[in-house]
Amino acid sequence: MLTSFCSSSKLLKTFNGHTDRVHSIDYSEFDGNQYLCSGSFDKTVRIWDLETSKQVQSFNGHSDYVYCVKFSPYHYHNNSHHVVCSSSYDETIRFWNIKNNQELEIFNGHTDGVVGIEVSSFNGGRYLCSGSFDQTVRLWDIETSKSLHVFNGHANTVWCIDISPLQSNNNKSNSTSVGGNGYTICSGSVDNTIRIWDIETTKQLIVFKGHHNSVLSVKYGSNELGINGGANTILSGSDDFSLRLWDIRSAQQIQVFKGHTNTVRAVEYSPFVVEIGCNSNVICSASFDNTVRFWDIRSNKNELYLMKGNDEDLGMYSLKFLWLKRKNNNERDCGIYLCYGSYKGSIRIWG
């Protein structure tokens, strides 16, 4: 799959509208259409129709940089509302109704800019966590609009955040408990550390040390990965130009991947598999060096493949794999696409 993608992929779509770096992108499908949302240092949140490549909405309520955007599955599954939430340097998290072009709600609580946000895969997306320049991680209940807990421990800005993936034995969306099934929050910080927090007990479980500079991206592995214990791994990218893979069970660093010549801004577990003796998953990274690189999850060897962005992009800030449906003779077939947001404001899709 990886060889096929890399050998035949090309630039398919470009979305222009942002006037500054696109710090975050997310994907969702509703009402039979597919959408991207994006957050930018131009202080806007924008919604794009993937089929037409047109901007369908722009929200201008933030008064400062927009750092992160996420579609809200909770609003869609419970109220059939199409909602995106965003975090900003203006110290707020805001929820926007896409169809009505209205701001639904503001979460206030952080005392400095809010950077990374993530919604839970469990409990129907009811919970949201956030990281901030105020050095804290917060857990929020979207249903009640309340801050449930503040996690203290980082010694500098909490730049990136993730919530552990849905466990196969817990698929109930009406549960009233938070955690209780081993769910955790992962946070990466400008203090060079990655920390794991238990949602139920609110205690700090692990501190990962190894990066030599700010940690700018963290991602949990998933149960669906074709590797042993995939859900017990964390992938991170840093201002030290490296990606690192960590094992939660042993609290140890597993691998270091070096090759980028600038900050690694975004990391992802890719949908691709390589066959070298046995199947192994591929990880992916986007950097200020204006490249996307693919790596074998099992080895420290040089990257499997390198994709260069357009020269005018001046670096990549965000990364997302998409499973897009394309119309072909009135039928829909699926393909894997790679989407990134750039320093100059363009959003591009390769496939």
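Numbering starts at 1 and runs along the chain as displayed.
Cβ coordinates come from backbone N, Cα and C, glycine included.
Listed in TrEMBL for this protein:
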REPEAT    15-58  repeat 'WD'
REPEAT    59-106  repeat 'WD'
REPEAT    107-150  repeat 'WD'
REPEAT    166-207  repeat 'WD'
REPEAT    208-256  repeat 'WD'
REPEAT    257-305  repeat 'WD'
Per DSSP, what is the residue count of the repeat 'WD' (15-58) in each of helix, strand and coil? 0 helix, 28 strand, 16 coil
Close approaches to the repeat 'WD' (15-58) from elsewhere in its chain (Cβ under 8 angstroms; 6 or more beyond its ends): 64-71, 76, 82, 84, 86-88, 96, 98, 101, 317-320, 322, 324-325, 327, 339-349
